[in-house]
Amino acid sequence: MQTSFDVIVIGGGHAGCEAAAAAARLGATTALVTHRFATVGAMSCNPAIGGLGKGHLVREVDALDGLMGRVADQGGIQFRMLNRRKGPAVRGPRAQADRKLYAAAMQALILATPHLSVVEAEADDLLTSDGRITGIRLADGRELGAGAVVITTGTFLRGLIHLGERSWPAGRIDEAPALGLSKSFERLGFALGRLKTGTPPRLDGRSIDWGAVEMQPGDEPPEPFSVLTEKITNPQIECGITRTTPATHAVIRANVHRSPMYSGQIQSSGPRYCPSIEDKIVRFGDRDGHQIFLEPEGLDDPTVYPNGISTSLPEEVQRAILATIPGLQRTTMLRPGYAIEYDHVDPRELEPTLQAKRLRGLFLAGQINGTTGYEEAAAQGLVAGLNAALLASGGGEIAFDRADGYLGVMIDDLVTRGITEPYRMFTSRAEYRLTLRADNADQRLTGQGIALGCVGAERTEFHTAKMAALAQAKALAQSLAITPSQAAKHGLSLNRDGVRRSAFELLAYPEVDWARVEAIWPELAAIEPSIATHLEIDATYDVYLKRQTADVEGFRRDEGLLLTEIDYALVPGLSNEARGRLEKARPRTVGQAGRLDGLTPAALGILAAYLRRDQRRKPAGSAAG
């Protein structure tokens, strides 16, 4: 067995798979260390990928030739574009997935990735020398050497499951936790915290009264996540929707003292935007009902995931709750819901590359950084894997900022502000939403990926052809123009100012769509429908994008003012409070400093002025020595 690698990735979940594949795509010899290969790509919680904000992350992972989008397309059994009635900037692609198909597709891609080996073992300790990681020790005593290590342990770090009054160590139901690595982190001086998440009971779909619930079909035709997926081929299913009732709430109120969250058994924070059903009833007791989505877990699997009733109440209470919900009164519970507590590292311990500040060569991704969700984990895994491979080869680093994509927004939020509860991605977290759309993720990021070397030949060829087609289509649409009087003959009412307007400009008008401009200029019919859709969106946002481009330029100027070597004691005019916050956080740039809690605009102005003054004092060429 090989005992030395460029990169070792610990954990075979969504972060680990992306990290291992990304490192291997850059040519790094990579080991994916996991308890059992059979659990690689497992969907531990809900059987779905994407959603609002999250779908953007999946598209961005795909744009950098990651796995999740293609795997979701191969495993997807219902596709929906959320927020379809709203603008493209806040739409979110989402898919229900067949758990078995999803895991099988992920495992097949992992096995087919050159330079990537799978090691079935438990990682027990980190090996270090002179402030740098050198490898890992397995539970059986074997040692594996590496130039960089990525840890993606999910909920396994000292995982503790809670079900009613009972609790036991586990990383997932029926799977052992990782205890040794938590001790390694503590020995190395990392600040560890505890978080919790939960999952609902699983139901036998054959015992659900589907006639008593509302049915929700997917989109037709289904829209894939990956630009490389030509067509979704799986049969598509419907989901069900039901609601809790006042009787449900009465059962929960009568038993809430038996919930580990309210008995004092669980002290850690859970996800605010995905609360347990008992938390919903306590916090929103005035509502007459809460929605529950009944999500089938597979095409040949009767298991149904009731999204919306995550709980850790005792098993018999869970059965009593189900008996009060329309359509579920006679359902069979296959497995009770439960809560799980686990260790996480304060993400402010990390650089924007996801490398640990206190230990060179160690990268962290996923729930260990305080996030929740498959998509958040996958995006972090990809960034950590790329940087681990770059470090191992001596090839620099890649950091995505808030203007690059949602993955940059998420990582900046984590490493700058830290977390007090599990972090979830939303479109509202991004300042540059009009630029960072799910539909243009490849236009924003694939070029960077090609330059970096992490994008394969198939995607490179596809991207090059697409960008050329887009440029050609835009040039044609901008070259075709009419006067207001000519437009009136086609039923368009424009200002009678004598100004000619191009087809591209007309698409920005609310009453003008592609069909209308195509009717005026039949030559536009030659443009491929997918390219026409991109062009229509670009035209709609064109005037706003010009304004946002100016905002991004200002942001990038602040990001270009580096603070990495500054001595804050030498900066005149800074308050002691500002000095203390800056010393503790050690932000990399003035832009990042501005996103720290409690730092005033005045302090930022002092910093920026000091840096510019300092740069003017330095003689030319001083940076080179």
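Just so you know, glycine gets a Cβ as well, placed from its N, Cα and C.
Values in this document were obtained by computation on a predicted structure and should not be read as measured data.
Record features, source Swiss-Prot:
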- Gly11, Gly12, Gly13, His14, Ala15, Gly16: FAD binding site (BINDING)
- 270-284: NAD(+) binding site (BINDING)
Just to be sure I understand the packing, how many Cβ atoms besides its own are within 10 Å of the Cβ of Cys274 (NAD(+) binding site)?
18
These are the binding-site residues: Arg272, Lys280. Which one scores highest on other Cβ atoms within 10 Å?
Lys280
What is the Cβ neighbour count of Val282 (NAD(+) binding site) at a 10 Å cut-off, with all protein chains included?
16
Which residues, same chain and not among Gly11, Gly12, Gly13, His14, Ala15, Gly16, have a CB within 8 angstroms of the centroid of the CB atoms at the recorded FAD site?
Val9, Cys17, Glu18, Ala19, Thr34, Val40, Thr152, Gly154, Gly366, Ala377, Gly381
With H, G and I counted as helix, E and B as strand and the rest as coil, say where DSSP puts Ala15 (FAD binding site).
helix
Neighbourhood of Gly16 (FAD binding site), C-beta criterion under 8 angstroms, separation at least six
Val9, Ile10, Leu32, Thr34, Val40, Val150, Thr152, Ala365, Gly366, Gly381
Is Val282 (NAD(+) binding site) helix, strand or coil when read with DSSP?
helix
Write down the Cα-Cα distance for His14 (FAD binding site) and Arg272 (NAD(+) binding site), rounded and given in Å.
22
Cβ-Cβ distance under 8 Å, sequence separation of 6 or more, same chain as Gly13 (FAD binding site); the residues meeting this, in order, are Gly41, Ala42, Ser44, Thr152, Gly154, Gly366, Ala377
